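Annotated features in TrEMBL:
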type     : residues : note
COMPBIAS : 429-450  : compositional bias 'Acidic residues'
DOMAIN   : 1-107    : domain 'PH'
DOMAIN   : 118-153  : domain 'EF-hand'
DOMAIN   : 154-189  : domain 'EF-hand'
DOMAIN   : 478-594  : domain 'PI-PLC Y-box'
DOMAIN   : 594-723  : domain 'C2'
REGION   : 355-375  : region 'Disordered'
REGION   : 426-468  : region 'Disordered'
Amino acid sequence: MQQGTLMRKVKSKSWKKQRYFKLQEDCMTIWYQSKRTGKTESAFSISDVETVREGHQSEVLQSVAEEFPPERCFTIVFYGRRGNLDLVAGSAEEAQCWVQGLRQLIETKSLPLTSALVSRTWIRDWFQKADKNKDGRMNFKEVQRLLKMMNVDMNEDHALRLFQDADKSESGTLEGEEFVLFYKALTQREEVLSLFQEFSEDGKKLTLLELVDFLREEQLEDEGTEELAMELIDKYEPSETARARHVLSADGFLMYLCSLEGSIFNPQHRALWQDMSQPLCHYFISSSHNTYLIEDQIRGHSSIEGYIRALKRGCRCLEVDCWDGPNGEPMVYHGHTFTSKIPFREVVSTLGKTSWGNSSSPLPLMGTSPPSSHPQREMVMVISSRAGSQGKRPWRRWVAQGASLSPPPQELKHKILLKGKKIGRLEDTLDGPGDEAPDVSDDDNGAEAEEERRRAKVSGTQHGSALQKDKETLAQALSDCVIYCKNVPFQGFQEARSHSRPSEISSLSEAKARKLIRDEGNEFVRHNAWQLTRIYPSGMRTDSSNYSPQEMWNVGCQIVALNFQTAGTEMDLCDGLFSQNGCCGYVLKPPFMRDKETLFNPSNPSSWEGPGPITLTIQVISGQQLPKVANSKEGAIIDPLVRVEIYGVPADQAHQETKYIENNGFNPRWDETLQFQIHVPELALIRFVVEDYDKTSRNDFVGQFTLAFANIKPGYRHIHLLSKDGTSIPPSSLFVHIRITE
């Protein structure tokens, strides 16, 4: 990576300043300074960087696209709410040098915590923070300051003893490998060593057979255990000699437990593991409300950044509200409010560049279309290549096969599915020039065809004026793009069952949905087994707050739209559900929610003949290097406690918590056991929350991790905590023991 590179920092079309950017010798810090004054403006750590985007992949760089070519532009995206850093390099080669170098550093940072390289990077990061006079050495006073920074309240005599043991040169300071020794002594894991010695005959190593015993008895690995044990030794044993002898040392054992294989999240479920050949209505779909907003609903800023962030987070159902703009150009914003506006073409351009990077799953687009026909035709011009006639083929084939439900996600890869009003029937769209509608009159769909003709006749006599109004206000070309998600008003479950079709979708407010859940829970589940339902937040949520998605998932609602820009429990649940299945944004509903005649009612699980409750037992053992509370006083040390929350059907909603540990965020030990009865585990989500106890006010959030019950791996597991924004905060973790019994 080049150092001292002159690049343009861009904030807007009119604000483009030249700055020198330089990577520090620690390979962890980048600072930049003014070209004119030579004064250092700012600095940031590689650990703060989430990703690097090439080209015009930000609103700011799109605004200067005519001035600077994409190969010279890139965007540094930070975790949390910190703004992006948009840069223009002097040449394409220079831009690539920085992009590839930054990505390599980010990739190194994001490797499993057990990697020796990452451990040393983390240690070096702490060293840089504590070395106040920047002389490359650390005296005991600086070590005491470091302990406070690391959330450790340690007895001064004990800290001095660790310091002196590590000071091999007897210089009164620690440098290089001496600080590594000090850090390793500080992070000694007694609870892991005790577990290791329980299965090790000599207390120094685990033989292959001893490791197999541990994997079978404690981790409940029952298939290919010997092969797995060999893989773990090869992957995590740091000693070449031990690897050659097929044994695992205590260091290797800890590395395994801290790895992805030792995580509470089943690693096999991180990949695409579910059946993707079911109809669309059989999946929960990660969905965003007013995706273009990154702030509140009244005066908030509209930005393509909202779409980029939502897609990056695994969202597969976006909202694009279009309104008439200047010169007939459709604009995206929250209608009848003071939110800012973005051109529709910029949104579609962004979707074209970013929609398929993490997932090939279909992308439903919700929203409103402009009132006037000219902007509607403009919309069609920019979306027809992805949502036009090519999107008809899977549906035509599906109808021809006599299917009574919508096509599956695997048939709709890389397709944009437009939700909106439609003129007439879907079959009218399919039966266009050169497109013959399937003849289904001689098979089981004959009755359905007859019913459709009856509906068309009724529509012609009773609703002719309404249809004519639609034709007057809706461009035919835009109507033809609506294939899988024709928007229809919800007029009751009986009406829907009698007259609606699988290609139709109804949108319900959260209040309306709650009433239906309360009054007709089973009917709601049955309805969602064959037709899509979208839920959206109350209009009173002007602050972009969220409702609980769990109660909507409990009745099988597929498109539960949330404000992705607002952190909190609701988004934790969303991330927790959709972090599985390759983060493709689609999660298959349980079998009893895919049956149109199901008896399941979330308000009364006993009415459904399920397998019966299971018992989830969680021993919360310890925590490691928990972060400080944001904006806490200097020298303050947290008093952490762990709360485990169960989300699911009403009978399963529960939470329990440990006691708090005074003044220890570095390596607290709880050794407490929590137990839960879960009646419908197929719908349950488990949320682990760490808080800083405060006896006089509300506890402060420290970190959390949420996952679906189906993704839990039993045994001794680490839980790698996430921040309020859902981003990783390595190396903060919990160590637990999980048991599941029927």
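In case you wondered, yes, glycine gets a Cβ from its N, Cα and C as well.
Those TrEMBL annotations? Automatic predictions, nothing curated.
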DSSP-assigned states of the region 'Disordered' (355-375) in counts, ordered helix, strand, coil: 3 helix, 4 strand, 14 coil
DSSP helix/strand/coil residue counts for the domain 'C2' (594-723): 12 helix, 60 strand, 58 coil
Secondary structure tally of the domain 'EF-hand' (154-189) (DSSP, helix then strand then coil): 21 helix, 1 strand, 14 coil
Chain residues outside the domain 'EF-hand' (154-189) and at least six past its termini with a C-beta under 8 angstroms from it: 120, 123, 126-127, 136-140, 143-144, 147, 254, 622, 624-625, 666-667
Stretch-averaged pLDDT - the domain 'PI-PLC Y-box' (478-594): 95
